[in-house]
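Novice: Sharing the feature lines straight out of Swiss-Prot:
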- 26-115: disulfide bond (DISULFID)
- 28-44: disulfide bond (DISULFID)
- 43-95: disulfide bond (DISULFID)
- 49-121: disulfide bond (DISULFID)
- 50-88: disulfide bond (DISULFID)
- 57-81: disulfide bond (DISULFID)
- 75-86: disulfide bond (DISULFID)
- 105: site 'Important residue of the cationic membrane-docking site (MDoS)' (SITE)
- 105-117: region 'Important for membrane-damaging activities in eukaryotes and bacteria' (REGION)
- 108: site 'Important residue of the cationic membrane-docking site (MDoS)' (SITE)
- 111: site 'Hydrophobic membrane-disruption site (MDiS)' (SITE)
- 112: site 'Cationic membrane-docking site (MDoS)' (SITE)
- 114: site 'Hydrophobic membrane-disruption site (MDiS)' (SITE)
- 117: site 'Cationic membrane-docking site (MDoS)' (SITE)
(Lines of atoms letter the chains of each structure in order from A and count residues from 1; the text may use other names and numbers.)
(Lines give C-alpha, C1' and ligand atoms only; values in the text may rest on other atoms or scores of the structure.)
Protein backbone atom coordinates (compact mmCIF):
# COMPACT_ATOMS: atom_id res chain seq x y z
CA UNK A 1 0.00 0.00 0.00
CA UNK A 2 1.02 3.63 -0.13
CA UNK A 3 1.74 3.37 3.61
CA UNK A 4 4.47 0.74 3.20
CA UNK A 5 5.86 2.47 0.11
CA UNK A 6 6.19 5.75 1.98
CA UNK A 7 7.83 4.04 4.94
CA UNK A 8 10.37 2.34 2.66
CA UNK A 9 11.22 5.60 0.88
CA UNK A 10 11.74 7.35 4.22
CA UNK A 11 13.96 4.51 5.48
CA UNK A 12 16.07 4.38 2.32
CA UNK A 13 16.37 8.11 1.52
CA UNK A 14 15.69 9.92 4.79
CA UNK A 15 13.33 12.20 2.83
CA UNK A 16 9.65 12.87 3.47
CA UNK A 17 8.08 10.80 0.66
CA UNK A 18 5.01 12.96 0.07
CA UNK A 19 6.90 16.25 0.08
CA UNK A 20 9.97 15.09 -1.84
CA UNK A 21 8.47 12.64 -4.33
CA UNK A 22 4.68 13.13 -4.32
CA UNK A 23 4.74 15.35 -7.41
CA UNK A 24 8.35 14.98 -8.56
CA UNK A 25 9.06 15.05 -12.29
CA UNK A 26 6.68 13.43 -14.74
CA UNK A 27 6.23 10.03 -13.09
CA UNK A 28 6.34 10.32 -9.31
CA UNK A 29 3.01 10.54 -7.54
CA UNK A 30 -0.51 9.42 -8.33
CA UNK A 31 -0.93 11.43 -11.54
CA UNK A 32 2.52 10.66 -12.89
CA UNK A 33 2.96 9.92 -16.59
CA UNK A 34 5.44 10.89 -19.27
CA UNK A 35 9.06 10.84 -20.32
CA UNK A 36 11.29 10.87 -17.21
CA UNK A 37 13.02 14.20 -16.48
CA UNK A 38 16.04 12.64 -14.72
CA UNK A 39 17.27 9.50 -12.94
CA UNK A 40 14.98 10.04 -9.93
CA UNK A 41 11.96 10.42 -12.18
CA UNK A 42 13.06 7.30 -14.07
CA UNK A 43 12.88 5.36 -10.78
CA UNK A 44 9.19 6.29 -10.56
CA UNK A 45 8.62 5.40 -14.23
CA UNK A 46 10.09 1.92 -13.70
CA UNK A 47 8.01 1.58 -10.51
CA UNK A 48 4.78 2.30 -12.39
CA UNK A 49 5.78 -0.31 -14.98
CA UNK A 50 6.39 -2.81 -12.17
CA UNK A 51 2.89 -2.13 -10.80
CA UNK A 52 1.37 -2.71 -14.26
CA UNK A 53 2.73 -6.27 -14.23
CA UNK A 54 0.93 -7.15 -10.99
CA UNK A 55 -2.25 -9.19 -11.14
CA UNK A 56 -4.50 -10.03 -8.25
CA UNK A 57 -3.74 -7.17 -5.89
CA UNK A 58 -4.21 -3.41 -5.57
CA UNK A 59 -0.83 -1.66 -5.26
CA UNK A 60 -2.22 1.48 -3.62
CA UNK A 61 -4.47 -0.22 -1.05
CA UNK A 62 -3.26 -3.76 -0.31
CA UNK A 63 -1.05 -4.02 2.78
CA UNK A 64 1.96 -6.33 2.96
CA UNK A 65 4.62 -7.11 5.51
CA UNK A 66 8.32 -6.41 5.34
CA UNK A 67 11.13 -5.91 7.80
CA UNK A 68 14.04 -3.50 8.02
CA UNK A 69 17.11 -5.55 8.97
CA UNK A 70 20.60 -4.04 9.01
CA UNK A 71 19.38 -1.15 6.82
CA UNK A 72 17.99 -3.62 4.28
CA UNK A 73 14.36 -4.11 3.24
CA UNK A 74 13.30 -7.76 3.47
CA UNK A 75 9.93 -8.61 1.90
CA UNK A 76 8.09 -11.29 3.85
CA UNK A 77 4.87 -12.41 2.19
CA UNK A 78 3.46 -15.80 1.23
CA UNK A 79 0.94 -14.29 -1.20
CA UNK A 80 2.76 -14.09 -4.58
CA UNK A 81 1.14 -10.81 -5.65
CA UNK A 82 1.83 -9.10 -2.33
CA UNK A 83 5.44 -10.35 -2.44
CA UNK A 84 5.85 -8.84 -5.93
CA UNK A 85 4.19 -5.62 -4.76
CA UNK A 86 6.69 -5.41 -1.90
CA UNK A 87 9.57 -6.07 -4.31
CA UNK A 88 8.33 -3.26 -6.63
CA UNK A 89 8.25 -0.83 -3.71
CA UNK A 90 11.63 -2.01 -2.42
CA UNK A 91 13.19 -1.47 -5.86
CA UNK A 92 11.91 2.11 -6.18
CA UNK A 93 13.01 3.02 -2.65
CA UNK A 94 16.53 1.73 -3.36
CA UNK A 95 16.58 3.45 -6.75
CA UNK A 96 15.58 6.78 -5.18
CA UNK A 97 18.36 6.41 -2.58
CA UNK A 98 20.91 5.57 -5.28
CA UNK A 99 19.93 8.73 -7.17
CA UNK A 100 19.85 11.20 -4.27
CA UNK A 101 22.91 12.91 -5.74
CA UNK A 102 21.00 14.00 -8.83
CA UNK A 103 17.73 14.92 -7.07
CA UNK A 104 16.65 18.28 -8.54
CA UNK A 105 14.43 20.52 -6.40
CA UNK A 106 13.20 22.20 -9.60
CA UNK A 107 11.33 18.98 -10.44
CA UNK A 108 9.74 18.62 -6.99
CA UNK A 109 6.41 20.13 -8.11
CA UNK A 110 6.75 19.67 -11.87
CA UNK A 111 3.59 20.47 -13.85
CA UNK A 112 2.44 17.24 -15.49
CA UNK A 113 0.87 18.90 -18.60
CA UNK A 114 4.43 19.80 -19.68
CA UNK A 115 5.50 16.15 -19.73
CA UNK A 116 6.16 14.50 -23.09
CA UNK A 117 4.62 11.14 -23.92
CA UNK A 118 6.76 8.25 -22.72
CA UNK A 119 7.37 4.88 -24.30
CA UNK A 120 5.16 2.08 -23.05
CA UNK A 121 6.63 -0.17 -20.38
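Here, residue 1 is simply the first one shown, and the rest follow in order.
Positions of Cβ are set from backbone N, Cα and C atoms, glycine also.
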Novice: Could you count the residues of the region 'Important for membrane-damaging activities in eukaryotes and bacteria' (105-117) that DSSP puts in helix, in strand and in coil?
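Specialist: The breakdown for the region 'Important for membrane-damaging activities in eukaryotes and bacteria' (105-117) reads 6 helix, 0 strand, 7 coil.
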Novice: Counting other Cβ atoms within 10 Å of each Cβ, which of the recorded positions 81, 111 scores lowest?
Specialist: 111
Novice: Checking distant contacts: for the region 'Important for membrane-damaging activities in eukaryotes and bacteria' (105-117), what same-chain residues at least six beyond its ends satisfy Cβ-Cβ under 8 A?
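Specialist: Contacts with the region 'Important for membrane-damaging activities in eukaryotes and bacteria' (105-117): 19-20, 23-26, 31-35, 37-38, 40-41.
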Novice: With residue 114 (site 'Hydrophobic membrane-disruption site (MDiS)') as the reference Cα, tell me which of the disulfide-bonded residues 43, 50, 86 is the closest one.
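Specialist: Among 43, 50, 86, 43.
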Novice: Of 81, 95, 105, 112, 121, which is closest to residue 44 (disulfide bond) if I measure between C-alpha atoms? They're all recorded positions.
Specialist: 95
Novice: When the Cα of residue 57 (disulfide bond) is compared with the Cα of each of the recorded positions 49, 86, 105, which one is closest?
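Specialist: With Cα distances computed to residue 57 (disulfide bond), the winner among 49, 86, 105 is 86.
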Novice: Expressed to the nearest Å, what is the distance separating residue 117 (site 'Cationic membrane-docking site (MDoS)') and residue 111 (site 'Hydrophobic membrane-disruption site (MDiS)') at their Cα atoms?
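Specialist: Counting only the Cα atoms, the answer is 14 Å.
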Novice: In whole Å, how far does the CA atom of residue 75 (disulfide bond) lie from that of residue 88 (disulfide bond)?
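Specialist: If we compare the Cα positions of residue 75 (disulfide bond) and residue 88 (disulfide bond), the gap is 10 Å.
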